[in-house]
Every structure is written in structure tokens, then in C-alpha cells.
Amino acid sequence: MLSCDICGETVTSEPDRKAHLIVHMENEIICPFCKLSGINYNEMCFHIETAHFEQTTPEKSFETLAAVQYENSDLGNTKLHSTVEVTSGIHSACASNFPKESSESLSKDRTLKQEAFYTESVAESRKYQKSREKQSGLSEAQGSIYETTYSPPECPFCGRIERYSQDMEIHVKTKHASLLESPLEDCHQPLYDCPMCGLVCTNYHILQEHVDLHLEESSFQQGMDRVQCSSDRELAHQLQQEEERKRKSEESRQEREEFQKLQRQYGLDNSGGYKQQQLRHMELEVTRGRMHPSEFHSRKADMLESIAVGIDDGKTKTSGIIEALHRYYQNIATDVRCVWLSTVVDHFHSSFGDKGWGCGYRNFQMLLSSLLQNEVYSDCLKGMSVPCIPKIQSMIEDAWNEGFDPQGASQLNNKLQGTKAWIGACEIYTLLTSLKVKCRIIDFHKSTGPSGTHPRLFEWILNYYSSETEGAPKVVCTSKPPVYLQHQGHSRTVVGIEERKNRTLCLLIFDPGCPSREMQKLLKQDMEAGSLRQLRKCVGNLKHKQYQIVAVEGILSPEERAARKQASQVFTAEKIP
């Protein structure tokens, strides 16, 4: 005879027992106390031991019987019963987590751990019982729906693994007895609160181990924080290095762009000089239909001839302006008390070959045109004519090679020919000194009047022209050459100064940027006062931060020339104020 492992019913054969077991599997598990259903067997056992604690209080080990009711809708009210052995010690450990029977409850984490342990212990008890039945010949057949793979139980407190549940029970009761105890009402058992998480312990040593775990966790977290902090510092350092690299790269790029811009501005970008610029412009005029090809070839031939002989072709020159100014001030001007004019000087304006960079060269041509017409300078300038711009560049290079102004030569790479490099007061001084012309540079390095004006500049030029005469007539034609006037970005030539009846001063200036057609208006017999507007510059019209002038004062002896060449090794200018 065979019996059912679940309800104990006796059957006659093995097939009948299997059919009987299938009926059990199809039935629904129902709580015998509250009719709860819809859960599995382990969950039902846990439900009974927790929700119906008073009805199932354990008496002793392996003597608690939990009656579980199975009901099948097809079989009506048929009731089957099975017994489940539960270790009372494990049950006590689980039950101690509920406040119904205890004045003090353990923490939530410990409660869940013991509940899990209880459920596992119940399952292990059933496995142990089945193992014993199997050894006695009452085990179920191979292929039974209840056959499961056995796994050794593990201690939930220390992780120790035992072969059988009974051994695990003994281990838990002997090694972890204090963890299974729970404080009861009316018991004066001492309690210890964890200062970190509030967990209540009944044993001081357990509390100490628990706190040590907190400290180890805290130490680990601090170590992780240090690692994270170190990583953050390394990342910040890398970001800083990347930012510094980008900043330096951007600064280097800006420096290159600024340097290239300055090179273009000062004609040092290897784009050719006067000849190349003139040819490009004439070719462009032919392309636009503004110049006939025959005219192009004619102008090109004239330009090449002028460069070859080194003499300006005179196509940008206007002569006779000083004489016209003398007539105007003598006969027409009524608001001027006195005017001082330089020696005769020709006006030269910029051409297409030097447009944008040739003002310094054109002003030198004006100054030299005046010196060539002055007998005082005929000896040192004997046989000279007004040179073209490429010839002026060659003359300055010769002065550098002779030893004049080495610093200025270095700044321009010792080369002017074939470039569009600007020249200023220092180059004019160097060239005149090399020609034995005595001159001086005066630097008006800051304003000396209100609103950034330079009244001291006007006073100096007045003294320069009026020093030869006293009680002079209204118009004075002096023997003084014109004055080279330089400021940031441009240069002009001062050919005289007028003093009005209200004692204000106005400079008379030739600008190389003014074309010939405008200058020729000054040659008319009936010249009007409005025509002088382009020449007159009063104090309020000159407001640049700094001005430099080059004034010619005579001829140098060979000794003076050598001394000035030596002095130009460290170039200095006279400063006013």
C-alpha cells in the first residue's frame, strides 16, 4: 500500500498515487484560518506563522502542525490535510520580530532577514523529511512532479554551509543564539542602540561588531571619496591644460594675423613695390575699358625709363603754388595780419604705383625740390634731380649700408627696393644727413594744449620762419626750406604759416594725398579764399597724439657728417615739451 505525502491518504498502486498527487496540484491552497488563497505553499506557511501567530504558537521542535486546506472547484468541499514540521527555534527567531508578542522590535533589515531564514528553514525541513522517506523506501518515483534538486543550507548570519538542515539548526542555535533571542515584556534585559542607525541590540559584542561594520563602510566611502577627489583634480588639471593650450594657440594665431596685417600695412608682405603696383593698376584699367592698350604700353615704357634713370617723370608734380600764394596774400587776403612762406617748392601727389604707402617719399620729393632751387644747397646736391620712388629707396639703402641708423635698417630688414615699406622722419633725416644736409628732428610727443592740441608745434614753426625778420611786411618769402611733418599713419609738408588779425595761427600744408587737379586751382589769377581751405590747418585741426618734424638748417661739414653718423647708432630726437 502507498500513502500520499501531502494528506496521508492510502492508495493501492503507484499510478493511483500519481493521479492523486495531480489532484493536489490542481487544487487551490486556502488558509485554514482566514480562507486566504491565490499564493504558493511557502507563502501560505509564512502567512499562517505571521498572521495567525497566536493560533500556531510552537510548543517544541518538529511538533508544530500547520493544517493547510486545499479546495477544488470540481470536487466540491473535499478537504485534505497535510502536516508540516517547523523548527520551533527558528519559528521563535522569526516571531520575535513582531511587536504583538514583544515590547521591543528589531530593525526592519534584521526582521526581513529572519523571515527569509524562517521560510528557507521550512522548505529545508520538508526536504529533510522527504530525504528520510526516500531512504526508507517511501520516496516518490522518478519523474514525480515534486522532485527537486537538493542544495546544502547556508547560514544567513555567517554564510556557513551544512549538509543537512538539522546540522544547520544546531549551528544557528549554538553559534548565533543571541541573534535568535528577542527582548520580552517585563524583562529587564539590557538594550543597546546603534549610534549610527538606531538598531537595537541585546548584546554588547554584537553591537560592537555592528558598529565596526559601519566604520568599515564609512572608511571605504571616504576612500572612494578620496579617489573621486583625486580623479576630479586630475580632470580639472587636464581641463586647465587644455584651456591653456587653446589660449596659447589663439594668442599665437592672433599674433600671426596682427603681424601679417602690419606687414601689409607697412608694405613688407612681399607683394611687390612701386613697379608691380603700377603695372597691376594699369592692367586693371585696361580690363575695365578705361585705358586703351596702346596707352598702357606707352605709360609702361615711360615708367620703366623713369625707373632706369632714377628720375621722377614729373606726372604728379604741380609747380608755381608758392608764387600764387604770395600774390593772393599780397592782394586779396584781408583777414591775415602776416604770412611767412618757405622757398619755392613743387607739390608731388601719390600715383597709382605708390597709393596708400608713398606719402613719405612724396614729401621728400617736395623737400628736395625746394633744396634744389636754393643756391645754399647747390654744392652738396650738385647734379641731382628729383628722384623717383625706387631711386629714393635705393638711396636710403645706401645710407644704411654706410652705417647710418642701423636700428631703423634692422626694423625694415635692410631692404626697401621692391617693397611698399613706409618711411618716416628717421629715414628722411638719415637720407638728408647722408647728402650732407644739416637737419634736426623735433618730437612733439604729447599735446600741449586743450583737447589734445599742439600749440607749441605752431609756435616752433612760427619761430622757424620768422627768425630772420623783424618788423616784416604782410607777406614774407623766407629763405627757409619747407618742414617735413610726420604723424601716425601719414606725413605732409609745411610750406608756411599765417598769423591772422585775431592772433591765431594757421599752418600752410602740402598734402601728397591731394591730387594735381585740386592743387592747380590755386594757380588761378582770381583764386578765392575757399581754395585755401585744403592748405590751411589751424590749431584745432592737428589733434594727433604725437607729431615729429624734420627741419633743414644748412650744410654739414665732413666732420659733422661723420659725427652725426656715429650719433645715429642710437637714434634720439629732441623732445618738446
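Here the Cβ of each residue, glycine as well, is placed from N, Cα and C on the backbone.
Annotated active site, nucleophile per Swiss-Prot: CYS359, in sequence order, evidence recorded as similarity to another entry. Summarising the environment of CYS359 (active site, nucleophile), the number of other Cβ atoms within 10 Å of its Cβ, over all protein chains shown, is 24.
Counting every protein chain shown, the number of other Cβ atoms lying within 10 Å of the Cβ of HIS490 (active site, proton acceptor) is 15. HIS490 (active site, proton acceptor) falls within a strand segment according to DSSP. What Swiss-Prot lists as active site, proton acceptor is HIS490.
In the three-state DSSP classification, ASP511 (active site) falls within coil. Counting every protein chain shown, the number of other Cβ atoms lying within 10 Å of the Cβ of ASP511 (active site) is 22. According to Swiss-Prot, the feature active site maps to ASP511, an assignment based on similarity to another entry.
Within the chain, the compositional bias 'Basic and acidic residues' (231-261) has long-range Cβ neighbours (under 8 A, six or more residues past its boundaries) at 269. The compositional bias 'Basic and acidic residues' feature in Swiss-Prot is assigned to 231-261.
Residues or ranges marked as N6-acetyllysine in Swiss-Prot: LYS261. The C-beta environment of LYS261 (N6-acetyllysine), restricted to residues of the same chain at least 6 apart in sequence and closer than 8 Å, is empty.
Across the region 'MIU' (225-247), mean pLDDT in this model comes to 84. Taken from Swiss-Prot, the feature region 'MIU' applies to 225-247.
Residues or ranges marked as region 'Disordered' in Swiss-Prot: 231-262.
Positions annotated as region 'zUBD/ZHA' by Swiss-Prot, on the basis of similarity to another entry: 248-273.
If you look up Swiss-Prot, you'll see 2-24 (among others) marked as zinc finger.
Residues or ranges marked as zinc finger in Swiss-Prot: 29-52 (among others).
Counting residues per DSSP class in helix, strand and coil order gives 11 helix, 2 strand, 11 coil for the zinc finger (153-176). Look at Swiss-Prot and you will find 153-176 (among others) tagged as zinc finger.
Look at Swiss-Prot and you will find 192-214 (among others) tagged as zinc finger, backed by sequence analysis.
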Express the distance between the Cα positions of CYS359 (active site, nucleophile) and HIS490 (active site, proton acceptor) as a whole number of Å.
7
Summarise the region 'zUBD/ZHA' (248-273) by DSSP state, stating how many residues are helix, strand and coil.
18 helix, 0 strand, 8 coil
